[in-house]
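Input: one structure, supplied below.
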Amino acid sequence: MPSPNAAGRPYAWLWALVVAAVLSQTAINLARPLITYKVLALGGDAVAVGVASASFALLPVAFAIGLGRISDRASRLRVLLLAGLGLLALNGGLLAVAPGLAVVVVGAAGLGMGHLCFTIAGQSAIAKLAPAARIDTAFGWFTAAFAVGQLVGPLLGGFLLGSAAGVDNADRLQDVNQALLLAGAIALASLPTCLVRFPAGRARPVRGSTEGPGTGRSEPVRKILARPGVKANMLASLALLATTDILLSFLPLMGEEAGVAPVVVGALLAIRAGSTILSRLLLGPLRKRWSRDRLVFASLLGSAIGLTVTPLLLGSAWAAGLSLAFAGFFLGLGQPLTMTLVSQAVDPASRGAALALRLLGNRVGQVVLPGAAGLVAAPLGPGGAVWMSCLALAVTAGVKLPAARRSRGTDDAGA
């Protein structure tokens, strides 16, 4: 994938977003598997793990659209970025000192709100500021930075918790709390990136739009959803992100039941993230050969196939790692492409709202699917949660298939 500088002058604002994304996602992906271990250490079961995982998306369901409208109206997004990073730091600390399951759920919800603020601000900045010919690349770098955090966070968590399985709850809880404090500190370290100057946002017409820059008003939600492809791409994004969430929450649970040490679980999650980074770095060459719709379809189907066998292979770290590497490559393709497809399907003045609506769909999925996964995991074991996500991916691939069949070439010459 080309450098963010490839289109001309260096985009300091984009580099700042990338660095902030790496640090914030390292903090989040350090904290989220630790939440599972903390729930178990406090006496929780698979249902409690599902509730804690779903709570991460609870507040964003209520606030996503409003924050998207704010990002559309704001000429600069520094305050929203600061709010997101500050919430991540604050709730990392809250999770560390949480004395019971109820406070863990509150801390996880606050963590999700911080993630929402940062993600909406970052996506809106790219939609407003990145040149049209480089928007796939800019979203690719932004989401690749997320994947770096998804790699480093679980590795760090596994290292901090150690190589022993079946540790006494009191000892495990102490290690988990110290690691959660570190997650809050990492989020705090990302705040200086907001000192970089962000240019004032500028709206520009999308391909096929009849409106000039700055002439449109933000569309109502109903009209955004009526745009061709928006609902299907929102559903694809929802399924892919919820699957990643289920892996983050339920792979540690599968590991505990199978006697797999936290350091191995962290390595497996890092393998998935590393493969996701690779796919996002290859997004430019892949886009030269295939259309966005076909790549999103491949993302859904390939990740479903790869993850189907993962719960059966945990007895062999190498085999499980290979299945997660395969699935991770395909999981990584869909998110940046659905960002582009959704943002370019609407008028320029509605891009922030459209991306926020996409995030709202993601958060609904992150509430419903992990919660349902916890219920499925109770009778079937934690592997049932992963198989449920595979079913969701396969069904969504079927929804996306007509658009993939219709698409030809690479969508456009400028991407």
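Cβ coordinates are placed from backbone N, Cα and C, and glycine is handled just like the others.
Computed from a predicted structure; not experimentally measured.
Among the features that TrEMBL reports, domain 'Major facilitator superfamily (MFS) profile' is placed at 1-408. Look at TrEMBL and you will find 47-67, 79-98, 104-126, 138-159, 179-198, 232-254, 260-283, 295-314, 320-343, 355-378, 384-403 tagged as transmembrane segment.
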With the transmembrane segment (384-403) as the reference, which stretch in 179-198, 232-254, 295-314 has the largest tally of C-beta pairs below 8 Å?
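Going through each listed stretch, the top one turns out to be 232-254.
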Would the transmembrane segment (355-378) count as touching the transmembrane segment (47-67), i.e. at least 3 C-beta pairs under 8 angstroms with sequence separation of 6+?
yes
What same-chain residues lie close to the transmembrane segment (79-98): Cβ under 8 Å, and 6 or more beyond its ends?
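Cβ under 8 Å, 6 or more out: 20, 24, 27-28, 31, 34-35, 38, 67, 70-71, 104, 106-108, 110-111, 113-122, 177-178, 180-181, 183-188, 190-191, 193-194.
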So which of 104-126, 138-159, 232-254, 260-283, 355-378 has the most C-beta pairs under 8 Å when paired with the transmembrane segment (320-343)?
260-283
Between 232-254, 260-283, 295-314, 355-378, who has the most Cβ pairs under 8 Å to the transmembrane segment (138-159)?
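It is 260-283, which has the most Cβ pairs under 8 Å.
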Under 8 Å, at least three CB pairs between the transmembrane segment (355-378) and the transmembrane segment (104-126) (pairs 6 or more apart)?
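Yes, the transmembrane segment (355-378) contacts the transmembrane segment (104-126).
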Taking residues 6+ outside the transmembrane segment (260-283), which of them lie with a CB under 8 Å of any CB in it?
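Hits for the transmembrane segment (260-283): 1, 29, 33, 37, 136-137, 140, 143-144, 147-148, 150-152, 154-159, 161-165, 247-248, 251-252, 254, 314, 317, 320-321, 324-333, 336-337.
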Averaged over the domain 'Major facilitator superfamily (MFS) profile' (1-408), what pLDDT does the predicted model reach?
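Across the residues of the domain 'Major facilitator superfamily (MFS) profile' (1-408) the model's pLDDT averages 85 on the 0 to 100 scale.
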